[in-house]
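Listed in TrEMBL for this protein:
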type	residues	note
ACT_SITE	195	active site
ACT_SITE	196	active site
ACT_SITE	197	active site
DOMAIN	3-161	domain 'ATP-sulfurylase PUA-like'
DOMAIN	170-384	domain 'Sulphate adenylyltransferase catalytic'
REGION	1-166	region 'N-terminal'
REGION	392-547	region 'Required for oligomerization'
């Protein structure tokens, strides 16, 4: 088993256990910083030793060294800057030398005390370019500029407690716990497998092959912190992993969860992942094709090359002291009922595979997923969390100028949908029955539960920003469909019985009909019946209704 990175496992919980009571007495007198979701993940891995040799958030000297040279100031290889970012306003409250409590945003628990050594403003443009290659569409670059604070605070930490988790507690092993378990089983050689996706038969096959080729055992070490937006939720994935682990030869594999906030930083992230797995006791690490890359940008250009990650880990492998195992794609040979590495398959041999896109389509449509591809137990779990379209929720957002028929069409749609046999529950949110600030959350929850939601406030002319903010939230749970009522101002203002246009209105003056609306209806020309038909036909084409 390799030594931890830097030579010592920096288990701050164990290190500071003897002074914990003194630290707790100090807490009420100190200012606090409430951590974000990413910072909470980072803190947990600093405190439990997963980020050894780090003992705190990076000072400016370490930060610049990591960004420029992939090393800490000490010379140890480290590829991702682990920083405590705050706003300029919050940073102004603190001074160098001050001690600050770091708190859990979920329950306000005091987790650690930070002694501030540095307060500095990073050059985010340099960080974006050097760490993430600078593409503004990269998720980490977007986070850096849109979410992260403009000031970084660096300093050493003293541990109070790890963040509390109420799910899968038996699977959340610290580095010290995993190392101890490996030693008790005489697992000297362990191949770690990183994943943020569900696992299927091919993944089981390639990890078993990697273990046998290296005379090793297998650590399935999936990320359950923060991954790429749009990834399958970690509850679904963990249930899949719990089924997959049963399919390994007895005594070969172990499952443990990693509370990591991924940056999707490709080659740099692969080096970081290797360091973390080394700290958890792995001797080998599988590095995949385009490992930890976010795929392509909107122009179809890859953020990273397919083998950049393998090449960078290989470059530092001597210092990392962990063996790189290149990910070898396997494919199914139906005539032989077995999987084989794709580079060993003879030309002309019949092969079968199902892509991620095809799998999502089959889940959406409810069509068959063959047993050669995935275990029935896994498919069952995926179907439960990804019901077919007829059972999925959706949100229709009706937008138009006041008096354009938003209220009439919304009520007509409710009546129409409710008459369908086996129809889902339909809820109308019309601006009267839910607070405007709560609207995105309510629509998200209803959509997630499989309901059909209609958002229609006839008194408003919503801006594009308002619609986008609701779309962003609801789209996490299901489909968000904009219906634009395009009747122009000169017509809707002619028969204004409710006085919408009796005074000048900023929202009306600035209203722009959304060009990207999925459905466009001019009720003045087409009438309600045609409008309803357009909506129903669209939903049928998308698979939400089956007639």
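Each Cβ is built from the backbone N, Cα and C atoms, and glycine gets one as well.
Cβ neighbour count within 10 Å across all protein chains ranks 195 highest among the active-site residues 195, 197. In the three-state DSSP scheme, residue 196 (active site) is classed as coil. Around the Cβ of residue 196 (active site), the same chain contributes 222, 223, 227, 228, 231, 237, 262, each under 8 angstroms and 6 or more positions distant in sequence.
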